[in-house]
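Colleague: Just passing along the structure, written as structure tokens.
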Amino acid sequence: MIHSIVWLKHECTVQTVEGRRNWGILERLNAGEVVIGDGGFVIALEKRGYVKAGPWTPEATVTHPEAVRQLHREFLRAGANVMQTFTFYSSDDKLENRGQSLKYTGAQINEAACDLAKEVASEGDALVAGGVCQTPSYLSCKSETEVKAIFKKQMEVYIKKNVDFLIAEYFEHVEEAEWAVQVLKTGGKPVAASMCIGPEGDMHGVSPAECAVRLVKAGAQIIGVNCHFDPMTCVQAVKMMKAGVEKAGLKAHYMVQPLAYHTPDCNCQGFIDLPEFPFALEPRILTRWDMHKYAREAYKVGIRFIGGCCGFEPYHIRAVAEELAPERGIMPPGSEKHGMWGSALEMHTKPWVRARSRREYWENVMPASGRPKCPSLSTPECWGVTKGHADLLQHKEATSTQEMKHVLEMQKKAKSSA
């Protein structure tokens with residue numbers, strides 16, 4: 001029998017979830033449940049030495065399955081009840097892009113990812129979601145037929161492995177997201193769609209409201225945003241989506257899986273325009289207490305699928321789960337090693353640390369960077385190129401010396417005009 005730790009009158013008791021074991025994502029959301037997603041596998045595994053920054057591809061599912069399995073397990077213990085397959089950028093056109101030459105196919109990587117996610121999900125009350133994301137082929141202006149064929153090839157693995165639902169995530173252009181949803185709908189599974197956009201909309205200026213309506217009409221039952229922006233910015237974008245859907249007389253569930261980085265200085269491209277991306281983002285990381293505020297705000301605006309993306313570690317997800325424990329009726333297993341609002345600090349040997357064992361302290365703390373000359377904001381590198389621009393045409397060959405000379409010249413111009 002499967003059990004989970006439940007928060008009841010400030011005590012942890014054991015509740016069986018056997019009666020709802022067969023509930024899928026839509027059944028849970030229709031019943032008003034709060035579904036908690038996991039976090040950012042790509043960034044987390046890069047920091048751990050299993051993903052290469054640049055291509056950001058997930059071959060670790062085959063080469064280092066123990067690392068992927070362990071991260072799934074940590075997010076499950078933290079309170080996540082969706083195990084998303086580690087299949088970000090696992091399309092064949094991405095695996096062979098710009099000089100990368102892997103001996104594994106997308107199908108092999110995706111099958112291994114499904115097996116790992118399903119194995120860990122079975123250890124708790126979790127669902128498995130298979131995901132697809134934006135492609136180099138779309139940026140290179142390949143046809144709708146060609147791009148859809150890439151999504152179909154990935155989806156066939158997820159259907160074969162019988163995942164619980166499908167996610168089209170990390171799309172900068174609503175057109176490509178629509179194509180992905182249209183393909184995923186043919187699989188007969190529930191479909192979620194999240195775009196990596198903020199309040200300014202997609203890379204061609206399509207508003208969050210219009211993006212949302214188009215995704216619902218394409219067949220997505222759950223819509224929202226992921227990545228590129230901090231939690232409060234993403235919540236604002238989903239709020240705009242929700243208003244657009246309601247104005248159009250449509251219905252949907254809503255999801256949000258933001259960055260764990262503060263991004264007040266970002267433009268419409270998000271954090272990849274920041275000069276700190278990707279190797280110097282640590283000073284921007286949100287605290288667990290920031291995550292409490294995020295979870296509460298997301299819940300207040302009507303979002304019920306709440307998770308994380310790049311920068312999210314298991315302790316961030318645990319904070320989300322703890323904040324929403326009253327609504328969910330459950331505390332995550334990982335909370336047995338974490339006193340709510342620092343209460344376990346009462347056991348500390350130093351009295352000044354014991355004095356911090358209270359909610360008021362952590363809700364009002366203002367973390368310092370410890371860097372005397374560190375600026376509070378950065379100037380994004382606004383190159384202003386997107387799908388259709390010659391600089392975004394992709395190819396299998398490694399980036400040439402001439403190409404590098406060109407991008408360095410472009411970088412110099414962008415910085416001088418900032």
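Note that Cβ sites are derived from N, Cα and C of the backbone, with glycine treated the same way.
Relevant sequence annotations retrieved from TrEMBL are reproduced here:
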- Cys227, Cys309, Cys310: Zn(2+) binding site (BINDING)
- 23-324: domain 'Hcy-binding' (DOMAIN)
Colleague: Among the binding-site residues listed here, Cys227, Cys309, Cys310, which has the most company in the form of other Cβ atoms within 10 Å of its Cβ?
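Modeller: Answer by Cβ density within 10 Å: Cys309.
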Colleague: For the recorded Zn(2+) site, whose residues are Cys227, Cys309, Cys310, find every other residue on that chain with a C-beta no more than 8 angstroms from the centre of their C-beta atoms, and list them by sequence position.
Modeller: Gly40, Val42, Ile43, Tyr170, Cys196, Asn226, His228, Gln257, Pro258, Leu259, Gly308, Gly311, Phe312
Colleague: To what whole number does the mean pLDDT across the domain 'Hcy-binding' (23-324) round?
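Modeller: Residues in the domain 'Hcy-binding' (23-324) carry a mean pLDDT of 97 in this prediction.
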